[in-house]
Every structure is written in structure tokens, then in C-alpha cells.
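**Student:** Below is the structure I would like to discuss, written out as C-alpha cells.
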Amino acid sequence: MRVIGLMSGTSYDAVEAAAADLVLRGDVLVMRPLGHLSVPYPGELRELIEGFLPPSETTARAVAVLDTGIGRAFADVAVRALRELCGGEADLVVSHGQTVYHWVEDGTVRGTLQLGQPAWIAEATGLPVVSDLRSRDVAAGGQGAPLVAMTDALALAALPGTPAALNLGGIANLTVVAPGAAPLAFDTGPANALMDAAVRHFTGGALGYDEDGRRAGAGRTDPALLRELLNDPYYRRPAPKSTGKELFHLPYLLQALDAAPVPEPDDVLATLARLTAVTVADACRAHGVTSLAVSGGGAHNPVLMGMLAEELPGVPLEASDALGLPSDAKEALAFALLGFLTVHGLPGAIPSGTGAHRAALLGSITPGRSPLRLPEPAAGPPRLLRVTGEPVW
Ligand SMILES: Nc1ncnc2c1ncn2[C@@H]1O[C@H](COP(=O)(O)OP(=O)(O)O)[C@@H](O)[C@H]1O
Ligand SMILES: [Mg+2]
């Protein structure tokens, strides 16, 4: 089955598309990635999303405008992916949409909202669309996150020791596969969310992120601010847990800066990069991680990666590319994989990761132009992901 995965993370910088051919052979899921596209959100849409996210108040009109705008942006990218990555032939589109609210109360996720109306994608491509993958896990008592854990767990299953996968998006999430134990997956805390908010704040909105970590690299970690930030109870809460920009946003940072003032913006950026490195390293140590495969935009920040290596001596770090999953495409591929599981009648969430009381089938299905035909249900779930450059059928 040829599947296109579409994703935009909490950084709402771009729509990522990745295509793959997938086939289940016994308990091995074979994946041939066909390439990926990263298409920045149109500036106007990005501003709309920015003005819409917490702590802003909003209106039903704004929800409708964004649901349509994001749906259309995803549809445009899906059409390009179909043409440019798939030679015009694909069976399914899987869309994560854009998270606009991840509703957490006392550590329990009560709801999660991804916008990006799938009707636009189905109409533009003629293909069936699997969307809204998180809600079903929430309904089964889970956090609805991290959903990339299924791909990580299958990709890491054959590795020695206690391997882990780390994605450094707006939020950092970690999947740990210890021998003989169910995979563990959780958000460790902010990856780029606070750094991006700080850069936007310090540059009056002119810049969106600290390119190549230049500003963090020019600054020095401020111990008092780092202590203040590390005081957040989120880091001490046991997994399963997930978080988002409802917590880690600019007002949160400004409040910490009130308590521990730091006059030099570059020092703030250095401290925020250190916060990410320390909280990821603490999580890795707590679970005995012996190797780490890193993906997401933060993997392009050499200062952040350098700090992570300092905080985790003896733990080899490499890009997820080493597992066959290109660092910038991993999340979109992960959603392609989840949609493949859904249409084959297989659960996509891992209860030991999301905390759900059972592994639910994920997503809602929007028919394409033809009557909806689903494949025969699979005999059993995959245990291993094999990524190949060769044709799979
Ligand atoms: N060259 C770079 N230098 C520093 N940071 C980078 C670089 N490239 C990407 N990033 C960071 O990665 C973020 C986007 O990462 P991404 O994986 O798309 O996150 P998300 O899944 O939250 O959208 C940007 O907002 C930025 O903070
Ligand atoms: Mg992104």
C-alpha cells in the first residue's frame, strides 16, 4: 500500500509530507520511503495560528477559518506529494493536522484538538484520508501522545542494549525500548518551544528561531534561571505524560524571567537550550538509555546537540537516519505508518506509552472519490519495522 503521511508539529513552521510503500510480511512491517517534502506554512496562516494558540482567547469563527485554512494547506501539500513523491499513484493519505489545543488537567488528558479539515485533502487528491488519530487514544484513557512511539518501538526493536528515539520538535519526546519490557514513551518537556518563543520576543517577531544555535552558542547558561525552570513539577511527574504549548509558551518564560532575571538575551537562549539538554538527559538516565537516535528540527541545532552530548557522556547520539528514517521525515512517515495500521484493523497506540487502558484503533476515515474499500484485516500486529530502499512488491 502506498501511503502519504502529513504532519505539522507544535512549532507550526511547515507542513511535512512523506510517502512510503508499506507491506506487512508476517510480523515484519516493511517500509520503503519514497521521499519527503517540507512546505512552510503560508505567512498569513502562520500568523493566524500564532494569534490563535494559548494563551489567546478565540472565537468559533477563528476555529472555522483555521480548520479550513490548515485543511487547504495540507491538501496543497498532499497534491504535491502525490505528484512529486508518488508518480501520481497512492492509496491513502494520513493527516495529523495541526494541534491547536492539548487539554491536560492534573496530568490527565481530557481532550486534544487537531485542525485541518480532511475533506479538503480527500477532495483535492481523490484519496481516502485517515485523520484525527489522537482522539481515540484519549477516549481509551490515554494521553493521545506520543504517537510516534509505535514507529520508534518497531524501528528500535532489533537494536542491542536499551535504545531510545528522541524527537526534538516544539516539544521533546522520547521512546525507550528496554529488553523484555513494554516500550515507554513520553514528552520530556520543551525542545524548541521556549527557544522559539524567546527569539520571537527578543527580535520583535522578526526571527522565528535561533538559526544553528548561534545566539545560544554566544551566551552562557544562567544557573538561577535554569534552577527556576527546572522547578516545574512536569519534569518530576512519572510517565505516561504529555505536554504542549498550553504550558510552555512566552508568558511562562517571562514569569520565570521575573523570578530569575537575566539581562542578556543570548544567555536566556543558552539557558533554554541547556534546559532541553538536561531534561532529556535526566529522562534518558532514569530509564537506562544506552543509545539515542535523534530527529526533528532541533537535530539541526549544533549547540543543542553539543549540550545533549555533554549531558549524556557515554551514550552515542546519532540521527534517526541511521535507522533508515530521515530525521526531517520521521514524524510524517510515522503517521503514514499509523494510517496503514488503521486501515488494516491494527491499533496504532502503545498503551505503555500513552497510558491508555487498551490499544485502540486510531483515527477517522474520510472516503476518497471512489467507494471506500479497506484491505483485509491483518492477521496480527507487526513486531519489527524493516526500512528498505528496494521495491517492496
Ligand atoms: N538550523 C536550525 N538551527 C536551529 N534550530 C532549528 C534549525 N532548523 C530547525 N530548527 C528548530 O526546529 C523547529 C522545527 O522543528 P520541527 O521538527 O518541525 O518541530 P515541530 O514538529 O514542532 O513542527 C524550529 O522551530 C526551530 O526551532
Ligand atoms: Mg515542524
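Cβ coordinates are placed from backbone N, Cα and C, and glycine is handled just like the others.
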**Student:** May I ask you to indicate which of 34-57, 106-129, 346-369, 370-393 is given in TrEMBL as region 'Disordered'?
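**Tutor:** Region 'Disordered', as annotated by TrEMBL, spans 370-393.
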**Student:** Counting every protein chain present, what is the number of Cβ atoms, excluding its own, within 10 Å of the Cβ of V15 (ATP binding site)?
**Tutor:** 29
**Student:** What does the DSSP secondary structure composition of the region 'Disordered' (370-393) look like, as residue counts for helix, strand and coil?
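**Tutor:** Summed by class, the stretch gives 0 helix, 4 strand, 20 coil.
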**Student:** So of D13, E16, which of the binding-site residues has the fewest other Cβ atoms within 10 Å around its own Cβ?
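**Tutor:** Relative to the other binding-site residues in D13, E16, D13 has the fewest Cβ atoms within 10 Å.
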**Student:** T10, S11, D13, A14, V15: which of these binding-site residues put a Cβ within less than 6 Å of any ligand 2 atom?
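**Tutor:** By the Cβ criterion, which requires under 6 Å to ligand 2, the hits are S11, D13, A14.
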**Student:** For E16 (ATP binding site), what is the secondary structure state per DSSP, taken as helix, strand or coil?
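**Tutor:** Strand, per DSSP.
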**Student:** I'd like to know which of the binding-site residues T10, S11 has the most other Cβ atoms within 10 Å of its Cβ.
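**Tutor:** Answer returned by the neighbour count: T10.
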